[in-house]
Amino acid sequence: MDILAAEDFIYDDLLDDSSYEEHEDFLDSYGDDSDYYHDHMHRNSEQTIQELFFHCLRPTLQDVWWQFLWPILTVNFLAFILITFVNHQQRLKRFTIQANEFILIISGYSLLINHYYFENFNQLLFLTVVIIMSSIFISILITYDIHDYYGLKFVWSTHLIVIALNEFIIFFITDSSDWIKLRPNLMLILMKSISYFHEKQFYSKKKKDLKNNDDFPAILLEYSAYILHPCTILLGIWHPFNDPKKLFATNQNLKQNFINSFCSLLLSLLFLLCSTCLIDYFFNHIVFEYLDAFIRGILAEDSQTSYVWLFIIRILRSYSIAIQFHYSHYFICYLGQSMFDLWKFDQQQQQITKPLSIEWPRSLVDVVVAWNIPMHQWLKRYVFQIMKNNLQNIYLTILATYFLSSYLHGFNFQIWTVLLTLGLITQAEFKLRKSLANFWSACVESRKCQYDYYVYDDDDDNDDNNYSLVCRHGHRNIRNVWSVRLTNLFFTILALFHLAFLGATFDGQPDSSTIENVWTVWKDLHFYPFITMTIMFIVYKIISFINS
């Protein structure tokens with residue numbers, strides 16, 4: 001969901017390319033043409049808040065509302081009202097679950113029709129065939145209690161083949177980008193199919209005869225309703241399969257559900273406006289104008305100073321692009337959170353994303369976990385744990401998990417390189433910080449230490465002060481020690497540099513996913529994360545050698 005949905009629904013339709021062209025012109029001519037610099041900055045200064053509103057904020061809200069938000073909100077609200085009405089009808093008590101499942105199927109498919117039919121009928125037809133075949137195969141496997149291993153292997157292989165077929169169409173049959181829009185839908189179908197199969201097969205082993213409890217039509221309806229649930233079918237956000245009785249328990253606290261849903265929707269729109277308008281305006285009119293003028297005024301005009309400041313400008317530009325991409329992702333996530341709050345089918349559902357943990361992370365591990373919490377849970381439960389038992393090697397398991405995550409996003413070189421690079425840097429940081437934590441007995445690991453408690457200190461002869469405060473890992477230098485704070489702050493700043501590097505390629509340009517663009521962007525930044533990653537591995541090896 002995360003990367004694909006953000007690009008499909010934000011960058012391709014709403015983001016203006018001119019701002020990035022101006023940035024490139026500015027960087028290319030920096031230090032060579034002072035006249036261009038002054039003209040460029042003067043032109044940006046003439047843009048007022050009023051122009052920002054009429055030329056960016058208002059058009060963005062209008063386009064997103066009518067093209068995207070209005071269908072999702074309307075269909076979900078109507079489906080929610082219908083299901084609530086059905087649940088209160090005593091005459092339909094025997095058929096409540098079946099009626100609710102029909103409502104979800106019709107609602108979800110109506111969203112697909114609205115999204116694909118008028119401009120992408122071939123994609124709608126392909127997606128319809130995939131959903132029908134997946135529903136039939138899953139229902140047959142569960143109804144006739146196919147062996148767990150072979151059934152699961154069949155589900156995995158068929159859906160992976162479908163994803164590969166879509167990529168084959170994209171690269172070899174048609175040059176149109178319309179088929180790219182299917183990537184989040186196909187990924188969601190695979191994720192839901194695997195989780196549904198696990199829930200029905202592995203967590204229903206206490207049922208002696210599955211065929212007597214669930215017949216083919218019941219499973220077909222149940223699975224189809226889960227796949228086509230209108231709150232996620234377009235957004236591509238995974239949610240676990242729930243018992244049908246819990247899934248349709250919508251009358252628990254309607255007022256609170258609507259309030260939470262509305263608040264999440266407002267946050268979603270705020271992130272949208274920041275992504276498309278406000279962040280670009282801030283960096284253009286404050287960072288790239290006033291800060292640059294200030295630095296040029298206090299620093300000497302020599303080639304070395306200009307080169308250093310040019311590199312800093314490139315990092316700041318990359319950081320602005322990364323933040324814009326982050327906020328477009330938050331828009332999708334909080335829109336999904338709004339739908340989750342409305343339905344409230346899982347009272348224990350966590351947040352979909354945690355922006356603060358991403359924009360000011362303790363480590364890149366926090367970013368990986370907080371970026372898309374449902375997908376992280378799915379990968380951990382259905383991929384990581386299974387591969388860990390089969391491979392018996394934690395590093396191969398992590399690499400395989402990142403590889404599969406990249407595959408699910410499609411054969412996109414941009415996403416593949418970002419995810420795999422993120423995996424390597426995260427692993428290097430995790431090893432280094434764990435070795436530092438053990439060497440110093442300090443709370444500097446990638447994940448925050450918790451459960452502080454006191455332990456008896458045998459080395460202290462003072463009877464009144466023979467207890468030490470430690471964390472759950474046994475570290476005695478806990479997080480309130482200044483050296484620990486400085487170390488964690490250093491890795492936070494380093495993570496921000498890495499995020500700027502990784503997010504720099506998501507600039508919304510038509511060729512942003514090509515090998516040439518990724519190479520060019522990273523070359524301009526001198527591939528500095530790979531240098532820091534190498535240094536972290538070397539320091540980790542040195543500390544490991546000292547400890548041995």
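Going from the start of the chain as shown, residues are counted 1 onward.
Each residue, glycine too, has its Cβ placed from N, Cα and C.
Please treat TrEMBL annotations as automatic predictions, because they have not gone through curation.
The following features are taken from TrEMBL:
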- 68-87: transmembrane segment (TRANSMEM)
- 99-118: transmembrane segment (TRANSMEM)
- 124-142: transmembrane segment (TRANSMEM)
- 154-173: transmembrane segment (TRANSMEM)
- 218-238: transmembrane segment (TRANSMEM)
- 258-283: transmembrane segment (TRANSMEM)
- 413-430: transmembrane segment (TRANSMEM)
- 486-506: transmembrane segment (TRANSMEM)
- 526-546: transmembrane segment (TRANSMEM)
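Looking at which of 99-118, 154-173, 218-238, 413-430, 486-506 has the most CB pairs under 8 Å to the transmembrane segment (124-142), the answer is the stretch 218-238. Most Cβ pairs within less than 8 Å of the transmembrane segment (99-118), among stretches 68-87, 218-238, 526-546, belong to 218-238. Long-range Cβ contacts of the transmembrane segment (526-546) within its own chain (Cβ-Cβ under 8 Å, at least 6 residues beyond either end) map to 311, 421, 424-425, 428-429, 431-432, 435-436, 439, 494, 497-498, 501-502. If one looks beyond the transmembrane segment (154-173) by at least 6 residues along the same chain, the residues whose Cβ comes under 8 Å of a Cβ in the stretch are 126, 130, 133-134, 137-138, 141, 146, 179-180, 182-183, 186-187, 189-190, 193-194, 197, 407-408, 410-411. Proximity of distant same-chain residues to the transmembrane segment (258-283), defined by a Cβ-Cβ separation under 8 Å and at least 6 residues beyond the stretch ends, is recorded for 10, 14-15, 19, 47, 52, 56-57, 60-61, 64, 73, 316-317, 320, 323-328, 330-335, 337-339, 341-342, 355. Residues 9, 96, 99-100, 103-104, 107, 110-111, 114-115, 230-231, 234-235, 248-251, 254, 265, 335, 339, 342-343 of the same chain, all 6+ positions outside the transmembrane segment (68-87), place their C-beta atoms under 8 angstroms from a C-beta of that stretch.
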